[in-house]
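**Q** Below: one structure in structure tokens.
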Amino acid sequence: MRNLIESQKAEVIEKEEHQGTVVMEESEESRVAKHDEEGSGEQQIWSWGAGTDGQLGTGRLQDEHLPQLLRLPSLSPAAGSICSLACGGAHVLALTSGGKVLTWGRGTSGQLGHPDTVNSPNPKFVMSLNNLFITHASAGWNHSGFVSDAGDLFTCGDGSFGQLGHGDFQSHCYPVKVSFFVDKHAEQIACGMRHSLVLVKGDEVHAFGSGKRGQLGISEEKIKLVNIPERIHGFDSVKITSIAANGDHSAALSADGILYTWGRGFGGISSAHSPQRLSTSFLFTKVAVGWNHSLVLTGGEVFMLGGNHHGVLSNPEKITPIKHLADRREVVLEKVPDLEGTGIVHIAAGAEHSAIVTEDGVIKTWGWGEHGQLGLGNTDDQTSPQEVSFGHRFRKEADTIEIYCGSGFTIVVRTSRRCSQTD
């Protein structure tokens, strides 16, 4: 699994004058966490972990074991500030409050949406989407999806498993509209390793791409590949509000806090080929999916499902066995330790690492650390949450902190509440 994240280096265009390029590289002195004046900026972005494909946005092709403060792009008032990120195998999609899209990182399959197939260590606008207002995006291993305010879905990157949804197995280096959703009004997309989920208006969920482990959820029979979106029929009379995918796993949350999962099983549990409702008294507000684990948030507490030797929390006193209603397969729901009395407001999951933001603005990470993706200054694995140091504390009353995980890297976005209120 680790070998997948050790991506091959490709020839990289480093010319700052390239059309649409936004340079975010800092001087060496600026990378030191010296921000006593952090409140003066409207927004800050920090990144760390695997970086050999440019996915950290620093302009350098190397791993970073500590948080790197990026120089923010000069965005026009029309573009607004960066409001959300989507992190994939080794690339990043950034949405602005004005509906624009910037991308960076690995681009060898066309997943950056630029008219080429090279890596980009600096953020660049996706020019072909400039006339649209993009409201949602997701990044898979080597493909990307974008949803517009008109409900249209655009995909690009690797299409060899049908994960772009165009009815073929072609790859595209620029976003192409998925004709299937023209009259359906797409609202969200979630990209896994080689599959995609789409939530449309009216609470329907569709899936396409690789289905070998049941991650499409469209049939109890084994399905290898689907290149045209098919509806998942496990959500009759259920209002789905969010979807998630990573690796060969898929998940959905309902409006009343019920979690549904399908695809590759966790912790030795067999794969599920249709959505399985999690039988528990907990009501969840967010789910983050990794390759072998998921995090769920409920009432400011974080629980983890699954895991392997990276990030496994093995204190038997903290384990609560629960079961899926449909097939009664036993699943372990485990409360993340060492967080008693701490409210959690944001969660994220990479391939085999996890990250959280507390209500006090503290960032903690655990799990696989080989590329420095835990931000602790080393490459050690951690089985319990460890605080990431930024040289200063974020101010909970003035800042909004969000965290995002790619397969082997992590990004934090701090936005002043004043900035977010004016966009």
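Cβ coordinates come from backbone N, Cα and C, glycine included.
What you see is a predicted model, and the numbers here were worked out from it, not measured in a lab.
Checked TrEMBL, it gives:
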type	residues	note
COMPBIAS	29-38	compositional bias 'Basic and acidic residues'
DOMAIN	44-412	domain 'RCC1-like'
REGION	15-47	region 'Disordered'
REPEAT	43-98	repeat 'RCC1'
REPEAT	99-150	repeat 'RCC1'
REPEAT	151-202	repeat 'RCC1'
REPEAT	203-256	repeat 'RCC1'
REPEAT	257-300	repeat 'RCC1'
REPEAT	300-360	repeat 'RCC1'
REPEAT	361-416	repeat 'RCC1'
**Q** Please give the average pLDDT for the repeat 'RCC1' (99-150) in this predicted model.
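**A** It averages 97.
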**Q** Just to be sure I understand, if DSSP states are collapsed into helix, strand and coil, how many residues of the repeat 'RCC1' (203-256) fall in each?
**A** 0 helix, 27 strand, 27 coil
**Q** Quick check on the repeat 'RCC1' (43-98): DSSP residue counts for helix, strand, coil, in that order please.
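**A** So the counts come to 0 helix, 26 strand, 30 coil.
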